[in-house]
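Enquirer: Here you go, one structure.
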């Protein structure tokens, strides 16, 4: 449940100012592994911050803002289907890492500017997979559904994809081979599974027993992934991804049954974007603020409940949370239940609040 940690950039060569000295003491520590980022001299600050931003496009902070923004403010159907694709791509990527078991690039000679994912294996790059799948899927899902020039999408895809992919090499976390493999693997996954996304989304919303099947399938996939290898941050990330996907799918089922969010009929397509007014902008900001506060409160409450409860049930000492979470009996239920509730909040509780206070 920790935010991604990136080390603070150090002073340039020859900088002996107090500011530089403070930077040396500001290296962030990974809360689960205790690792720290390496000392490095940054000579090109704009490039450094550009690639820090690119790396964040594959981290939890981005996901917890990006998917709700689509679901609450833009297009719930596109948001739900982006989540389906993201869960599939990331799950297959994480499992493939644990099967191939290629180590991260050696350091030295590589300087690692990030440590959060250092305990995971390297091949393929799941950042590259996410950075490829999301922009391509956005264009596939929106073109023809919304009115906009295709050239915008064709510009977005290579810009987004290259920024995320190159950031992983710059940060010292992946080789070029990892990046290429992640990109090609994603193209293969999309080619095979994208035609079924519409069917999966309709099933999640309309089938009578969809919630039971969704929860059972995602939980089984999580248990399987935990058996592939010893502990690493990838196991928790996998459970988090599966829990989020299950929660969002179950929430969309309940929302559909209650008629809270209705997708536009096919005869109204392609949709035209509404004129941007202060009222529209204000409501969008209000939805994000209210929604994110609620989601983060739910996440914090569930974390405080599930970890001690899982420790008690599994008879594992809870005095050292970091060690306790390295047990599957704690990490899997904690991540799965906590982020399942986060996902359910995104597609059901928060839209219900919006409906109740009149900002739907």
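Glycine is treated like the rest: Cβ placed from N, Cα and C.
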Enquirer: In TrEMBL, one of 9-28, 109-128, 129-148, 209-228 is tagged transmembrane segment. Which stretch would that be?
Expert: 209-228
Enquirer: Where DSSP helix means H, G or I and strand means E or B, what are the helix, strand and coil counts for the domain 'Phosphatidic acid phosphatase type 2/haloperoxidase' (80-194)?
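Expert: Secondary-structure breakdown of the domain 'Phosphatidic acid phosphatase type 2/haloperoxidase' (80-194): 78 helix, 3 strand, 34 coil.
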Enquirer: Looking only at the domain 'Phosphatidic acid phosphatase type 2/haloperoxidase' (80-194), report the model's average pLDDT.
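Expert: On average, pLDDT over the domain 'Phosphatidic acid phosphatase type 2/haloperoxidase' (80-194) sits at 86.
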